[in-house]
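Visitor: Below is the structure I would like to discuss, written out as structure tokens.
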Amino acid sequence: MPPSCTNSTQENNGSRVCLPLSKMPISVAHGIIRSVVLLVILGVAFLGNVVLGYVLHRKPNLLQVTNRFIFNLLVTDLLQVALVAPWVVSTAIPFFWPLNIHFCTALVSLTHLFAFASVNTIVVVSVDRYLTIIHPLSYPSKMTNRRSYILLYGTWIAAFLQSTPPLYGWGHATFDDRNAFCSMIWGASPAYTVVSVVSFLVIPLGVMIACYSVVFGAARRQQALLYKAKSHRLEVRVEDSVVHENEEGAKKRDEFQDKNEFQGQDGGGQAEAKGSSSMEESPMVAEGSSQKTGKGSLDFSAGIMEGKDSDEVSNGSMEGLEVITEFQASSAKADTGRIDANQCNIDVGEDDVEFGMDEIHFNDDVEAMRIPESSPPSRRNSTSDPPLPPCYECKAARVIFVIISTYVLSLGPYCFLAVLAVWVDIDTRVPQWVITIIIWLFFLQCCIHPYVYGYMHKSIKKEIQEVLKKLICKKSPPVEDSHPDLHETEAGTEGGIEGKAVPSHDSATSP
């Protein structure tokens, strides 16, 4: 006769005993959902790490000192995915754990080994980026190939020392039947819990924040110098253009005045000469009526000459108006140049700082930043350092935030659960879905590392795109020519392609 269970208990199918609802194992649906999500995370992590590792191995020039650390990070992630994750997926099935407690202890130690190796490598990368930016001249002598390999070996030695205490009795691991996974009994050894949390989160996070804070300050100062130099060069160019436009305007004005004076003198001289010639010809005509006729001819000739003179003056006036118009346009352009000089349009690039592999690359791109015309002249003409545009600070802060926040997101909940287990019974107080989410986030770091430390780097990103194109996009076979006997003809100049050989379409259609 099976025991009857109350509302606060439920019968366990395996042991046929009544268990509190707070200690019941996860349901089959819960286990399936956990396993499916884990498989998706592990698949993406495996693909991302393999592609990035292939790119680094394919291009030897990319395997510099820093990229060796990144390659070591990929190795730790791949080992975590290949050796640890399959057992975590299998234990997500309720009432299924085929091995004994000793294997569970070994599995927890192996999980911590790869996790500590990954954390130590991230710390080394942060220090390496600090030395690269702050001490660029002495960096090659400080970070030699020999020292880089010593650091790589040191990450694994330190990880081994940090993860193996449960194997020789300091700290205990067991299989959690309620949450269906192997875990440490953190409350049984508070000292090991404190050491693990400090090694996992406190020290690495402190080193990362310190290094990237100094790197951000140095990058901001260098960008300010670049920004100031660009603004000074732009002001000099604007002043030169204004002076040049003023000189051209004065030159055109002088030419216009000289041309008007010359045209006025030339028109008056021609009128006097032609009038005197008409007076000399008039006495040769008969006296009396002939004189009258000559007088009329004189008036007529004078009228004609006056008409010509007025036409020339009119033409000269029209040319003068054109010159005046050009001069006014040049003056307006010069005034615009003065306004631009006061406004000082400076461009500061959005991609000035690029933290690929936590590295800073300064480009010469610029994004418009306008000093308002309503600002006081003392500010517009000030020689002090111009303020950095907010887009630059947001860009740098955003990238550093991605690096640090992803680290805290993946390992922070796991460390918080370890600390909480010292004072609280997590088997009964922490919901099972919270434990599942913490497991997902712990393995999510294997997906994040290839993106943060690989894809964000410009050169590595380009190589990854080329590799993906070769894997995904198949090359289409070349289209064979349907008229193999046709020859190329020289295109004439009328076609606008002089000197190039192009297939003749007319030869294909002609009989």
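For all residues, glycine too, the Cβ spot is worked out from N, Cα and C.
Feature table excerpt (Swiss-Prot):
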COMPBIAS  376-385  compositional bias 'Polar residues'
DISULFID  Cys104-Cys182  disulfide bond
CARBOHYD  Asn7  N-linked glycosylation site
CARBOHYD  Asn13  N-linked glycosylation site
TOPO_DOM  1-35  topological domain 'Extracellular'
TOPO_DOM  57-67  topological domain 'Cytoplasmic'
TOPO_DOM  91-106  topological domain 'Extracellular'
TOPO_DOM  128-149  topological domain 'Cytoplasmic'
TOPO_DOM  171-196  topological domain 'Extracellular'
TOPO_DOM  218-398  topological domain 'Cytoplasmic'
TOPO_DOM  420-432  topological domain 'Extracellular'
TOPO_DOM  454-511  topological domain 'Cytoplasmic'
Visitor: What same-chain residues lie close to the topological domain 'Extracellular' (171-196): Cβ under 8 Å, and 6 or more beyond its ends?
Guide: 23-26, 31, 87-88, 91-94, 97, 101, 104-105, 107-109, 112, 162, 165, 415, 417-419, 421-423, 425, 427, 432, 435-436, 439
Visitor: What is the number of other Cβ atoms found within 10 Å of the Cβ of Cys104 (disulfide bond)?
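Guide: So the Cβ neighbour count for Cys104 (disulfide bond) comes to 21.
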Visitor: Quickly jot the same-chain residues contacting the topological domain 'Cytoplasmic' (57-67) by Cβ under 8 Å, restricted to those at least six beyond its ends, or write none.
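Guide: Same-chain contacts beyond the ends: 125, 128-129, 132, 143, 145, 148, 357, 359, 459-460, 463, 467.
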Visitor: Provide the number of Cβ atoms within 10 Å of the Cβ of Cys182 (disulfide bond), excluding the reference atom itself.
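Guide: I count 23 other Cβ atoms within 10 Å of it.
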Visitor: Under DSSP, is Cys182 (disulfide bond) helix, strand or coil?
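Guide: In three-state terms, Cys182 (disulfide bond) counts as strand.
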Visitor: Taking helix as H, G and I and strand as E and B in DSSP, count the residues of the topological domain 'Cytoplasmic' (57-67) in helix, strand and coil.
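Guide: For that range the per-state counts are 8 helix, 0 strand, 3 coil.
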Visitor: If I take every residue in the topological domain 'Extracellular' (171-196) and average their pLDDT values, what number comes out?
Guide: 87
Visitor: Would you mind pulling the DSSP three-state label for Cys104 (disulfide bond)?
Guide: helix
Visitor: With helix taken as DSSP H, G or I, strand as E or B and everything else coil, how many residues of the topological domain 'Extracellular' (420-432) land in each class?
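Guide: Across the topological domain 'Extracellular' (420-432), the residues distribute as 9 helix, 0 strand, 4 coil.
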Visitor: How many of the residues that make up the topological domain 'Cytoplasmic' (128-149) does DSSP mark as helix, as strand and as coil?
Guide: 16 helix, 0 strand, 6 coil
